[in-house]
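Enquirer: Taken from TrEMBL, the feature transmembrane segment covers 20-45, 57-74, 80-99, 111-130, 136-154.
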Amino acid sequence: MRVEMMKWRRPVQGAELYRLLGPLVHGQFSSLLITFTGLTFSILVRQGINAPTSQSLCNYLLAALFYGVIFISKKKPLRVGWYYYLVLALMDVEGNYFVVKAYQYTSLTSVLLLDRWTIPCVLLLSWLFIKTKYNASQLIRVCACVLGLVFVILSDV
């Protein structure tokens, strides 16, 4: 009986620890970068700089570099035609244009709240157009994100 309890409480280490903490660290780092980007956009707007698409250029270049290297190294074929990705990329650029443009008309908190609504929207669009399959764990995380969004909206009111 005692030996079985010891197996149950073994410490998590190595690849298993990375598998558990990697997404958490990646998500927190991404959230930090998004918040920093929003803050700098807000400061630039207050300074009178109005270049929404140019302000997002660095984000797109970094994402293209990071995910492009991953995609090329895996050498997997595209699941759907390239034109679907082009349409979604254009929608993303326009969405970010309007998010940056919103900093001229409202507060940082309001813009970040509206920006977080993109998570369920991207989930729906990728399911419809790219036929991405999501497991229950991913859907639960999106629901937690939306629930957090609802709580922040309620506290902002």
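The chain as shown is numbered from 1 upward.
Just so you know, glycine gets a Cβ as well, placed from its N, Cα and C.
The structure displayed is predicted, hence computed values, not measured ones.
If you look at the structure here, what lies around each of the features I listed?
Expert: Long-range neighbours of the transmembrane segment (136-154) within the same chain, counting only residues 6 or more positions beyond its ends whose Cβ lies under 8 Å from a Cβ of the stretch, are 113, 116-117, 119-120, 123.
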Enquirer: Using Cβ atoms and a strict cutoff of less than 8 Å, what residues sit near the transmembrane segment (57-74) while being 6 or more residues removed from its termini?
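Expert: Those are 37, 93, 96, in sequence order.
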